[in-house]
Each structure stands twice: as C-alpha cells, then as structure tokens.
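Features as listed in Swiss-Prot:
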REGION    1-80  region 'Disordered'
COMPBIAS  57-66  compositional bias 'Basic and acidic residues'
BINDING   Gly150, Ile151, Pro152, Ala153, Thr154, Gly155, Lys156, Ser157  ATP binding site
ACT_SITE  Asp235  active site
ACT_SITE  Cys266  active site
BINDING   Arg300  beta-D-fructose 6-phosphate binding site
ACT_SITE  His527  active site, proton donor
Amino acid sequence: MSNTGSARTEEFTKGTGYEATKPNNDTDDDAKQNYPSKEPHMKLGDYTEETSFVDDSIFKREELTPDRNSPANDVEKMEVPKPTPQWMKLKDEGKLGKHRKNRLRRPGRFPVRQESTIDIPGLTVSKRTENDSNNASYGIREKLIIILVGIPATGKSYIGSKLSRYYNWLKYNCRFFSVGDKRREEGASTYSMSADFFDIKNEETFKFRENVALETLEDLLHWMIHENGVIGILDATNSTHERRKHLYDRISKEADIGIMFLESLCTDDILFEENIKLKIKGPDYEGYDTESALKDLRERVDLYKKYYEPLDERDEQLPFLQYVKVINVGIKVVTHNIEGFLAGQAVYFMLNLNIQKRQIWLTRPGESLDTVAGRIGGDASLTPIGKQYAQDLANFMDRQRVLWQLRYTNDLASTNKRFSLSEASSFNVWSSVRKRAIETIEFFNPDSYNVKKIRLLNDLNLGSREGLTLREFSEKYPDEFDVIKRKDYAYRFSGQGGESYLDVIHRLQPLIVEIERSSGNILVVSHRIVSNILMTYFLNYHPEDIIDVGLPLHTLFCIESDRYGTTCMAYRYDAANRQFIKDPMFDLRKRT
C-alpha cells in the first residue's frame, strides 16, 4: 500500500481515540481512557493465529490497486470527528472490570460459548448434530444448571420445586436434584443428622457433606449429558463462595451448559418463623417431638448464619455467571448478568412468585348444542340444562366466596399473618371467547367479580377437523385421530388455525404466570383440553398426563394452593336438585 494512504488514514484518525499506536505514559488522562487494553492496538500485520479468523492472504495482496473513484480516497474532504467531550463519557468508560472482560468472546470462527437464544418446545427447532437426534426435548439446544443457595428455612427448596414444575409443564426436560435426599440416603445409618452434623468445624461430617454435594452434581451432569436433560436444579445450601466456585469449576468443564445461582434470603421474621415450623415436618425430623425439632433446627440455622457468605462481587468474577437473589419468597428480586433464554424464564417466574393461600376453581362450560350432537370444537350456544348450570354455578360461587372470607378472617386472627383482609375479597372470573363459555359466566355480577373474556383460554383448534363428531373424525382421519392415543404433543392438526398440544401450553403460559402472581381467588371457565392442561400444572402431575386427566361436563374443581402444598376437591352438579355435591372420591385420571 502507498505511504500516502497511510498518511491520510493517520490524519483522519488523529484526535479520535482510534490511533494505531499506543500513547506515551505522559499523555493526559483523557487519552489514556481511549486505550483500555494494556497491549498496543494491532496493525494489519500484527495479527496472530490466536486472534485471526480471516484468510491470511487478504493482508498480502499489495499488488491490488485501489479504486480511484472510491469515496474512501476523498478522506481529506471528510469532516474529522471531534473527540468525545469529558462530560459525555461514562464514569468507568474504558475500564472494564474483570468480570466484564470475562464475558468478552475471543475472536475466532468458533466462539468459546455460543449465545443463548429463544428455545420453545414445539415452536422452535435448533439444528442438532447427527449424534444428538433424540427428540425427547423437542429440539431444545440450550442447557442450564440452576444452583440453589441459602441457609435452611429460607424457602429455597420451595422455590426450586416450583421452578421445576413450571419448566416441566412447559415441556422442558427438568429435574430436581436434592443433596439433602442423598445425604439422608447415604449417611442416615452412620450419622445422627443433628445440628452438630452441620458444623463446619466437624471435619469428618464436613468432608462427607462435600462429597455428597459433588456426587449429586455428578448425577445431575450425567443426566444432562447422557439422558437428554435440559434444566437441572441442584438443591443445597451452597453457603460459601469456595463451595460455589468448586461447583462452578466442575460444571464449566462441560461444553455449552449455562450456570445460574439462585439465592433465597429471608429478612421477614414472621415469614422465617413460619418456614421454621414448616421445615420441622420434613424428613430430617421424623420421630422428633415439636419442641426438640424446633430447638435443633434453630441451632442448625445459627451454625449456617455464622459461616454464610451471600452472593457478592467475588461470585461476579466468575466468567459468564448469572445469579438471582430472591428475597422473602419473591417480595424483592435482584438479578445479575442474566443472558440465557432459560434463565430469563426463571427470572420472569420469580418476579411473579406468590405464597398467598388462595383458591383456583376450574370448570368446563355448561352443556351446549354441539355437546349434545357429539361434535368437537365449534361455537354453539348452551342448551337449557347448560343455562341452568350457569345460573346455579354463579349462586354456588357466591356462597363459597362468603365461606372463604370467614375462613380467611379466622386464619388471620389465629395466626397473625401479615396479609390484609382486603385480599380475601378479590375474585376473578375468566372464560374463553366461545359462546358456550361466555354464556356460562353470564350470571356473575360484574360489580362483585372481575369478569374477563380471554381468547387465550380457547380450546385446542383442530383446524379443518373442527365440527366433526368423534366417529366422523376417527373414520375419515384415522391417522390424525390416533395422534391423541399416541400422545404426540408436538403434532399440529392440519387446516387453518390448527394447533398442537404444545401450542396450547405456550399459549397458556402468561395466564399461568398471572394466576401465580394473583393473590385473590379465581374461577376459570374453559374447555376440556385447556382445563386438562391447567390441572396438570396446578396438581403437579407428570407432563404426559395431560391427555389422561379427565374433567367431566358439569363438574367443578377447587384447588387450594399455598407453600404448604396443594389440595383439590371435586363438586358434581346434581341437575335434578340444582345443587353441587362434594365428591371426595373423584379420580381425575379416570375419564368419565
């Protein structure tokens, strides 16, 4: 290249902070800020095999003559950019912290870690290698390990189990690995598991606990690598930076597995005491009386508090590390460096986490003309019996609402809980936008209930098969009809608007999160398949049970959920006597 071109380039870049040589040590601070790297800027010939990702030959073609008409040769005519004024510069501009430098990707054709993008089962497909043809995870390429952090009785296991249920319901292959379960399995015959067992000064038990934690991690890694796992949740206290770094270093040896710490902190004394009373009902205190269990658990908590190291700047130094701090089971959420799609889903869920006790009622629309004719789908109105069901449903819910408020008031008086009574009076009524569903909620007073029609609650769209009877469907399209029996959740029915089960699941995702967020009671009036999908989530059924769960016509289900667990009660409608009768023996998995 000509010297003239170099001179023009030097003149063009002069004063912009992009000169091709490093400034002298006696330059002013502003000039130094333009050179965050300790190494001189590279010239065209200074590249190395480590940093080069382009064919070397392109730098050796000096015989090529530049186009004289190119705008690049009019550099003298171009206005030289002015330096950035000092007042416009960021406080730490040019001074990347160590943890920020670790996130930069090494130049090259193959980056060290590929960026995570959207992965939704049944809706996205990632290109996979020939040796990774198993479709059990529906083409999900990203993998994530969530490591729980926190002292006992802060709610971390509760949060982890809720996350596991949420991911599995969305059809991500997720599994919960409990270090405590493995500790009890391997050490119950040797150790007493009392508070002294958890003392970090007890070298024997400390070594045993460390080994159990690493063994559990190895089980998790084996499952993710060899059994098509997508998300693994490691449940343990992981209370020191040294332990967390050890886990991080081991996981980092495996390719393309994201790591996220999830720390649960509890600063609310009332909530912490409730967690303490809940934890003594767990397997660590089987055979203990209440007083002895409380005493031992408090001693264990005091030991952990003495040595506990919360997530801080030291953890942030670990390359690519993501973490979430959940304070008081979702009252406050703090995040750091959340990049992956799967990690983002966890944060989204944490922001809507709610431990308030509440009722979730589910029912199908009343009997419709299409129901009588045996047709699937469609948009028919209710029959006279269906309208009667709608009227009696509203009356029954009015009575149940009063009973709930009485229970709630008594609960507040007896336990001094921290929630306000006004929350007990909140009641939402949702339905799909189909005629039969809208007519089923017709008798709910909008002045007393928050009534909404939501298109997301529409039933599975069978495309061109809508309006057929089951017999017509099975005879004309036996292959598609067999899809239901084969439980192919990714199969999308043909015809305009046709959906798959996975389409419906992800269509319902924002409603699930909204129900999790809401502190009030709710009645959902939707259709058979949608109701099945909702029931499998709230009752934590296996994801493959979606098709097997049966919600009969004119049956009402009440789910009561809080951090202590979930209960479900069925009420059958007696049309002759116009009343709902509690049925404690009803089995959801038996189709009726």
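For all residues, glycine too, the Cβ spot is worked out from N, Cα and C.
Sitting within 8 Å of the Cβ centre of Gly150, Ile151, Pro152, Ala153, Thr154, Gly155, Lys156, Ser157, and not among those site residues for ATP, are the Cβ atoms of Thr237, Ser264, Cys266, Asn275. Ala153 (ATP binding site) counts 24 other C-beta atoms within 10 Å of its own C-beta, drawing on all protein chains shown.
Spatially, by CA atoms, the recorded positions Asp235, Cys266, Arg300, His527 include one closest to Thr154 (ATP binding site), and that is Cys266. Closest to Gly155 (ATP binding site) by Cα-Cα distance, out of the active-site residues Asp235, Cys266, His527, is Cys266.
In sequence order, Leu148, Ser178, Gly180, Asp235 make up the list of same-chain residues 6 or more apart from Ser157 (ATP binding site) whose Cβ falls under 8 Å from its Cβ. Around the Cβ of Ile151 (ATP binding site), the number of neighbouring Cβ atoms within 10 Å comes to 21. The local packing around the residue listed as 'active site, proton donor', expressed as other Cβ atoms within 10 Å of its Cβ over all shown chains, amounts to 21.
DSSP assigns Ser157 (ATP binding site) to a helix in the three-state reduction. A 10 Å radius around the C-alpha of Arg300 (beta-D-fructose 6-phosphate binding site) takes in none of the recorded positions listed as Gly150, Lys156, Cys266, His527. Taking Cβ-Cβ distances under 8 Å and a sequence separation of 6 or more, the neighbours of Gly150 (ATP binding site) in its chain are Lys156, Thr237, Ser239, Glu263, Ser264, Leu265.
Cys266 (active site) sits 8 Å from Ala153 (ATP binding site), taking the Cα positions as reference. Annotation for Pro152 (ATP binding site): same-chain Cβ neighbours under 8 Å, separated by at least 6 residues, are Thr237, Lys279, Leu297, Arg300, Val301, Tyr304. The 10 Å shell around the Cβ of Asp235 (active site) contains 23 further Cβ atoms across the protein chains shown.
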